[in-house]
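Contents: one structure, followed by commentary.
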Amino acid sequence: MDKKPPLTLYLAAPRGFCAGVDRAIKIVEMALQKWGAPVYVRHEIVHNKFVVDSLRDKGAVFVEELDDVPSDRPVIFSAHGVPKAVPAEARRREMVFVDATCPLVSKVHVEAERHHAEGLQMVMIGHAGHPEVLGTMGQLPEGEVLLVETVEDVARIEPRDPGRLAFITQTTLSVDDTAAIVAALQARFPGIRGPAKEDICYATTNRQASVKAIAGRIDALLVIGAPNSSNSRRLVEVGSAAGCAYSQLVMRADQIDWRAIAGARAVGVTAGASAPEVLVDEVVAAFHARYDLTVEMVETARENVEFKVPRVLREA
């Protein structure tokens, strides 16, 4: 039998589920226990196929619009948040609904409303079309939120009154890219108001920091996550920017391109905030099967954040 080549696997920590994702999944599971199947979920509860498929197997039905939900069945709004019009329509139809919006996203919604109440126009740093961005922009009347994705976009926006602006950000952005966009906004609009610190959440920040911590030791980085997961895609970009010659997103172990990492002697592994640890275990097992493996954990922070589920699910 051929001798396995040696390889060190660096597991970044923190990785995987954040408190908002954990809460959202619990909400669907508790709703199924409380009301029985089917329970409808507007949009994927979190952006991970493995999670969505497992909840679907338990009786969750995933739809994109409220129109697809029968009025007599409960509906859950995804962790990414929804425009104000969605719960308003659910109330009009007298539907039972549970909002699984991450509390850190809801905090951004509150910021936007507070600035709007003071007569400020909002600038949102985020990715066009992402559900979180659609939900946050949908908290205010049309035209009240200007979206910028890049430093170049800052030069293109035309606010109503350049002296009456505030900015907010999507919670799952690249920390470094966002800092550059904020600097561009402050240079063009010196009076622009913003949060005490950017709205990028603790989990996004921590996962990016852990990738940077291992980047100098590895030949390749694998990020476990879904293609539609914003925070997972940012981790791939952070890895590349930190000097990883090969930085790749994989949903599961069967997507690993073994030829692409054939020459590697050290590989980093992390997981996006909506990827369960079972998928990390699967990847580690796949490396064990091919290599004489040494596994090292590199921990840059400890997370103990926990969010309560809504009261309606805690009541008997």
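From the backbone N, Cα and C atoms, a Cβ is placed for every residue, glycine too.
Computed from a predicted structure; not experimentally measured.
Taken straight from Swiss-Prot:
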BINDING   C18, C102, C201  [4Fe-4S] cluster binding site
BINDING   H47, H80, H130, T171, S229, S230, N231, S274  (2E)-4-hydroxy-3-methylbut-2-enyl diphosphate binding site
BINDING   H47, H80, H130, S229, S230, N231, S274  dimethylallyl diphosphate binding site
BINDING   H47, H80, H130, S229, S230, N231, S274  isopentenyl diphosphate binding site
ACT_SITE  E132  active site, proton donor
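Structure with Swiss-Prot features highlighted.
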| residue | record | Cβ within 10 Å |
| --- | --- | --- |
| C18 | [4Fe-4S] cluster binding site | 29 |
| H47 | (2E)-4-hydroxy-3-methylbut-2-enyl diphosphate binding site | 28 |
| H80 | (2E)-4-hydroxy-3-methylbut-2-enyl diphosphate binding site | 27 |
| E132 | active site, proton donor | 23 |
| T171 | (2E)-4-hydroxy-3-methylbut-2-enyl diphosphate binding site | 28 |
| C201 | [4Fe-4S] cluster binding site | 26 |
| S229 | (2E)-4-hydroxy-3-methylbut-2-enyl diphosphate binding site | 25 |
| S230 | (2E)-4-hydroxy-3-methylbut-2-enyl diphosphate binding site | 25 |
| N231 | (2E)-4-hydroxy-3-methylbut-2-enyl diphosphate binding site | 26 |
| S274 | (2E)-4-hydroxy-3-methylbut-2-enyl diphosphate binding site | 31 |
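You'll find the Cα of S274 ((2E)-4-hydroxy-3-methylbut-2-enyl diphosphate binding site) roughly 7 Å from the Cα of C18 ([4Fe-4S] cluster binding site).
Comparing CA positions across the recorded positions C18, C102, E132, C201, the one lying closest to S229 ((2E)-4-hydroxy-3-methylbut-2-enyl diphosphate binding site) turns out to be E132. With respect to their backbone Cα atoms, H130 ((2E)-4-hydroxy-3-methylbut-2-enyl diphosphate binding site) and C102 ([4Fe-4S] cluster binding site) stand 15 Å from each other.
In sequence order, C102, E132 are the recorded positions from C18, C102, E132, C201 with a C-alpha within 10 Å of the C-alpha of H80 ((2E)-4-hydroxy-3-methylbut-2-enyl diphosphate binding site).
With S230 ((2E)-4-hydroxy-3-methylbut-2-enyl diphosphate binding site) as the anchor, the candidate recorded positions are C18, C102, E132, C201, and the one with the nearest CA is E132. Between the alpha carbons (Cα) of E132 (active site, proton donor) and N231 ((2E)-4-hydroxy-3-methylbut-2-enyl diphosphate binding site) lies a span of roughly 12 Å.
If you compare Cα positions, C102 ([4Fe-4S] cluster binding site) sits closest to T171 out of the binding-site residues H47, T171, N231.
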